[in-house]
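A short worksheet on the structure shown next.
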Amino acid sequence: MDKMELKALGKINLGLDVLGKRPDGYHDVRMVMQTIYLYDQITITKRKEPGIGLSTNLFYLPVNENNLAYRAAKLLMDEFEIRSGVDIFLEKHIPVAAGMAGGSSNAAAVLYGINRMFDLGLSTEELMKRGVSLGADVPYCIMRGTVLAEGIGEILTPLPPMPRCQIVVAKPPVSVSTKMVYEKIDSRRIVEHPDIDGIIEGLKEGDVTKIASRMGNVLEQVTVEEYPVIDKIKKLMDEGGAKGAMMSGSGPTVFGIFTEKSLAKKAALKIREAGLAKQVYVTNVHNARRK
Ligand code: ATP
């Protein structure tokens, strides 16, 4: 195989709780992750000359070691002493610095692709073990689907799939520093923790309304204080008939869960017309796991 086309899918958090800060600077979290059908298209092509040639449609993204896709390729090519090289093209659609694990999912897809392309014979578990050195969300992005993520995000327990529904994703035109959000959450006492167990119950019952009503993200308040536009988008989603609307990850992306496509489309249009976000998508959940 000399060329591979891969879909690197984004995620939302149906629930995100922070349990505390660890001595190594990471945070212990408890998150319900959900893959959605919004993706970056990744093309990997073998070439004779050694090295990694990375390019992307977004001029402002790094195309060197600072790009997670590059680091993922380098990790496997160094370990397995691959003498030839690869060209990687990232066609980005997942909003950047948005709380949707765009970079992590690119890294996951590249690990998966290089393993296949060069017949390295690594199992999914072995890829996930290597992935965590690139980022806490990378193992999840390799696994995909509905998952409880604990530890720093790398201890994964598969959950029953999110029932079919429409997801409206809206990324307001602000970039959030994940580091800043976690620093702020460290400086305050968390009074109210999201009901992660309630979300899991809803998943077990296959009840979208229950899942949506239990959703919670402990980081939301911190990011909203900085960017009130998040609350405005949530409000439009709620008014538009969402079963629930919440910020994903450290933000600023907001997603809404709808059971009717016509309502989802209307809400997306309203958000765009109100000028709250340009990057607005109507999509579905994606439950298939990587084998
Ligand atoms: P998370 O949900 O894991 O916090 P995120 O959505 O906040 O992720 P990313 O889109 O992954 O954040 O990007 C955050 C930063 O990482 C960007 O500012 C960008 O410079 C850098 N980055 C490195 N590699 C990539 C990549 N392949 N795609 C997007 N950003 C990347």
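Counting begins at 1 with the first residue displayed.
Note: Cβ is positioned from N, Cα and C throughout, glycine not excepted.
For Lys11 (among others), the entry in TrEMBL reads active site. Note on Lys11 (active site): other Cβ atoms within 10 Å of its Cβ, all shown chains, come to 28.
Among the features that TrEMBL reports, domain 'GHMP kinase N-terminal' is placed at 67-145. Averaged over the domain 'GHMP kinase N-terminal' (67-145), the predicted model has a pLDDT of 97.
Residues within less than 8 Å, Cβ to Cβ, of Ala97 (ATP binding site) and separated from it by at least 6 positions along the same chain comprise Ser175, Val176, Ser177, Thr178. Annotated ATP binding site per TrEMBL: Pro95, Val96, Ala97, Ala98, Gly99, Met100, Ala101, Gly102, Gly103, Ser104, Ser105, in sequence order.
Cβ neighbour count for Asp137 (active site): 27 (other Cβ atoms within 10 Å of its Cβ, all protein chains included). If you look up TrEMBL, you'll see Asp137 (among others) marked as active site.
The domain 'GHMP kinase C-terminal' annotation in TrEMBL covers 200-275.
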How far is it from Gly103 (ATP binding site) to Lys11 (active site), counting Cα to Cα, in Å?
11
Validating a neighbour-count step here. Other CB atoms within 10 A of the CB of Gly103 (ATP binding site): how many?
27
Where Lys11 (active site) and Gly99 (ATP binding site) are concerned, what is their Cα separation in Å, rounded?
8
Is any of Lys11, Pro95, Ser105 (recorded positions) within Cβ reach of ligand 1, i.e. under 6 A, and which?
none
